[in-house]
Structure formats: C-alpha cells, structure tokens
Amino acid sequence: MRDVLLTAIRGIGFGSIYAMLAVGFVVIYKSSRVISFAQPALMLAGAVLVSYLAGPIGFYGAVLVAALAIAALGLGVERATIRPMIGRPVFVIAIITLGLDIAIRVVVNAFIGSDVRNVGDPWGLSAVDVFGLPVQERYIAMVLVLVVTVGALFAFFQYSRYGLAMRAASLDQETAMVQGVSVGAMMALSWAIAGGLAAVAGAFVGAGGGIEQNTWIIALKALPAIIIGGLDSVGGAVIGGLLVGLVESFFATYQGEYLPWLGQNFSLVSPYVLLLVVLLVRPYGIFGTREVERV
Amino acid sequence: MTEFLDALQLGVRAMFAYQAVFFALLAIGLNLHFGYTGLLNFGQIAFAMLGGYGIAISVSQWGLPFGVGVLVGLGAAVVLALLLGLPTLRLRADYLGIVTIAAAEALRLLFRSVSATDLTGSTLGLQAFNGGFLALCPWTVAKRYDILGTRWSGAELWVITVGWTLVLLCSLLVFALMRSPWGRVLRAVREDEDAARALGKNVYAYKMQSLVLGGVFGALGGMVYAVGTGAVQPDQYQNANTFLAYGALILGGAARVLGPVIGAMLLWFIIAFSESGLTALVDSGVSFFGLFRLDEVFSTTDVSYARFVIIGLGIMLLMVFRPQGIIGDRREVMLDAR
C-alpha cells in the first residue's frame, strides 16, 4: 500500500508537469488549429533561463522572469513566423514550428553545454513526512504550481473579457471578428500563454535532477496527454497529463515484477503505447470534439 | 582565395558522399508520403534507424549473413509503418505527425537505454557489421583513389556506388508508380480524400501502402548510412535529421521525382561549403566591414551552431516564399492536408 501511494504521488507530480505542457499545446491548437512542435524548445529555453537567474535573484524570481521572457519570445515568434502564414495549409505551419524548435534548441544547447545544469530549486530530493509517508517536496511543489497556473488560466478563460474573446475566436473566427474581437491578437496571446506555461514547466522539470540537452524529450510526453484528453479540451489536457504521469510511474515500479516479458525500461515508452491504444479505441480523446475521423 | 576553393571542393565532395545518399533516400520516402499522398510523417528517421539496426543487430549480434540483415531491416520498417498507420490514418493528418514524432523519439530512447545493451549496445552502439558488404566490392577496399582532386577510400567509393544506384532505382520506381493508376489515386487522396472515396477507392489502404513504401525507402537510407559510417549509434538518429530531410525535399521540390535527390545534394553542398567556408573566414581574421574582427565575436565551434540555425531559418523562409522549391510545380504543393 505504501509503495502504491508513493508511486501514485510521483506519477501525479510528474503528471502535473506534462499537464502544464499539454495545456500549452491545447491553447495554441484551439486558437490556430496547429500543433506547435516548438513547445519543447520553449520549455528548455525557460529552464535554462531559470538555471542562470536562480543564483542572482532566487528560484521563485527566476521562474517568474523566465515565464515572462519566454511568453514574450512566444509573442515574437508568433508575430514573425506564424501570423504571416494564416490561411496557408496547416502542414506548412507545422513544419515551420519544427524548424523553430531546432533553431531555438541549437542556441539553448550552446548555453547548457555538455553537463547537467542545476536549476537552483530549493527542494532537491528532500522529503517531508505526510501521514507517515516520505513525500518528496518537489512533487508537492509540482502539483501546487499546476493548481495555481491552470486555476488562474481557467479563471481567465471563464471570467475575463480577453478569455471570453479567446473562446469566441476559437469557436468561430469570422463571427468573433464581426463582434470586434481581434483574432490575430488572440492567437498571439495563446502563444504567449503557452510559452509562459512551458517555461514554468521547464523550471520544475529540472527540480531535483537538473537539466541537460536531452531534457526537451520530456515535453514530447505532452503529446500522448493532449490526445488522451482530446486535442481541443484544456481540462482534458490536465487529466491526460496526470494520467500519462500515473501510467509511467506505475509501469516504472511494477512492470518488472508483474509483466517482466515486456523487458526493462518499458516505462520509457509506456506513454506512447498508451497513445496508440487511445487512438485505436477513442481517437478524439476523452473530452475532445468528435470530428477528427475522416476515412 | 585558396580557402574558398578548398571549401568549394569539400562542398562538391559532400554532394556525392554517403550522407547525401542517406538524405536523398529519406527524402524520396518523405516525397511519397508528403509530396504525393499528403501524409505528415515527422518520424522518418525512425525507419532509417530500424534499417541500420536491422543490419547491425542481425550481423554482429545474431551472426546472420549481411543479406538477411537487409531483409530484417526492411521487415522492421514495414512493421513500424503498419503499427503507426493502423490507428492514425483514419484520422486527420496532424495525428500521424504527432504519433510519428513521438515514436521516433521513443524508439531512440529505447535503443539507447541501458537495459537494451544486450541487443543494441546502448549508447555505444554496434560496430563491425559491414564486412559482408565490403567483401562484395570489386576493387581494393583499403586503397585510396583520387577523383578530380578529391580523395576517396575504396570502401567509400563502393558504398556510394551502391548508394547512388539505390537512389536511381528508387527514383525510377517512384517515377513508374506515379504514372500508374496507383499513383493517380495517391494524388487524388492528397487533393481530396472524400472525392477519392466517392469514386470507390479504399483511401485507408492506399494511405497505408504509401506509408509502408516510403518507410522502406527510409530504411534503405538508414542502411546506406550505417554501412557508410561502419557503426550504428542511437544518437546518430536524432529527429533533427527528419527535419533536414524535409529541408532537402522542399529545397528540391516536393511532388517531383528528382526533387528530393537534387535537394539532398544541394543541402549537403550548402552544409559542407558553409562549414568550411565560415571556419576559414573566422580563422583568417577578416573584419566585418571594418567594424569588428569576426574571430572576436565567433569561435570556430560556434560555426557548427550557426550553420544549423541558418539552415533552420533558411528552410522556414523557403516554406514561406517558395514552397515549391527549385524544380517544383506550385500547383502540386498548394494542397491542404487536413
């Protein structure tokens, strides 16, 4: 029982990170119907920024500055490379985001170097006692930051004028335009939100273990998450992210014991196997709109 | 001036080296997927990895002959294509993109994980599997040959001879297929799936066939690369290569038989020429219009970074301003993959 609980807590901790990244993908998808493959690079850029700033201004300050800076980068990227492509085929934009990912990552890698960089988080691997369970502090922090950021985002979408305008623009661009919503500004805003979320996620990915050049791969685990939740559902992305974290964590703990024939390290690919299964059974995800099937 | 000529010569050599063959084959596969069928395959490198590892594992781990290794690699690529296509080809185009990019990274992680050491050699990879291939070479493998001022070893010449023959055969196959009824259906699928379906075509099956065949081209490319380097390592198969292969395809011109081949040769000319040219420029201490000396701002290690940023930006600009590439037909690439 103890092991099960600890495994679940680790799963929810990392799942919170995947959820934050997944929300970023979904927000961009809802505004422009494109999967931004530049998210991994933005996450890594945020993490690197935090690792450099944590010394002078402290971890929390660094996370805040990094989130704002990467949000600004997202704004700039959207304005310079995505906005001119509105109305062009979606695959053109997808390839452009892939190019952006590589260009940004090359620059960021030069700042990381070949070693592991510490992001300067205050937790490390230390644990606190919760009802007799040694729970790592970083997992608690990860869950808290998910609740705060996504909670704020939900409130923003639900109660603010801009949130309403974003929802309107994603529902029907032309009608929203007629009502005086600037659809372009809403797209830019979505890129900024996704960039900020990616930067925060990046900082927390590094908590406890630090970051290296290969850390960007973690952002790819948000892809199963968004498909499980449904590509156009923010709430679904959160649940999908947590589910991916749980599945990965439980496979890491128990698969060697109960399913040894799958080989070791199956937990590495378990999110992607889950992805294939979900696509076969329910391709529009748990909360997605049921219109993706074609043939 | 001599540095410039040297850089030019290195560039021309790179146009014909096995790396260019590798990217030509990857891009021929992507051309079938993306150019002719409208499939977004963002994990072409995974097929190449299975091709390379198919040979390496069969020969150095299982002790099978080289020819069997080739078959194993091709078989693995077919299985991967079926596995990726089965759940996604009924869905909108971006789902295949998501699944392929995720699969390529997952496979690479699996191959470089410690527990796979017995099979794949983990991060160190596998060596000594191309003896059976080099033994077929009609000339001396160890000797060096000078051709038009460039030096090649006999082994390199044998790899590129076989490699370019493969490129030629694959291009001929694509040419023939695209003139056949099968190819016309593929293009119809690309333009409008619903229309193709209304004409009684099994769109799902055609897309699957295209995915499998293009994946097999990618696996052949991976084999040429593995035999050319004489070793396979998981980190050779980074997903950035898929993007570069798209670059080659778009540079040359999508939906043209020779587009990917011309694109791959040009891409490697640009890569090799800009690397040696930029390095020479930085080393020679030239000043930037008299404002500052280049070697004060750039070090020679920055050149390889700068080169990739330039290529990434170049491909993005190409997508924006000339999506049909050099020899492409604009009408062929204005498709709207949904």
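Cβ from N, Cα, C; glycine included.
TrEMBL annotations: computationally assigned, not manually curated.
Straight from TrEMBL, the features:
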- B:12-32: transmembrane segment (TRANSMEM)
- B:39-60: transmembrane segment (TRANSMEM)
- B:66-86: transmembrane segment (TRANSMEM)
- B:157-178: transmembrane segment (TRANSMEM)
- B:211-231: transmembrane segment (TRANSMEM)
- B:243-259: transmembrane segment (TRANSMEM)
- B:266-292: transmembrane segment (TRANSMEM)
- B:304-321: transmembrane segment (TRANSMEM)
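Pairs of Cβ atoms less than 8 Å apart link the transmembrane segment (B:243-259) most often to B:12-32, out of B:12-32, B:39-60, B:66-86, B:157-178, B:211-231. In summary, the transmembrane segment (B:66-86) lies against the transmembrane segment (B:39-60): three or more C-beta pairs, each 6 or more positions apart in sequence, are under 8 Å. Here the transmembrane segment (B:157-178) has long-range neighbours at 16-18, 21-22, 24-25, 28, 31-32, 36, 133-134, 136-137, 139, 141, 145, 186-187, 217, 220, 224, 227-228, 257-258, 261, meaning same-chain residues at least 6 beyond its ends whose C-beta is under 8 angstroms from one of its own.
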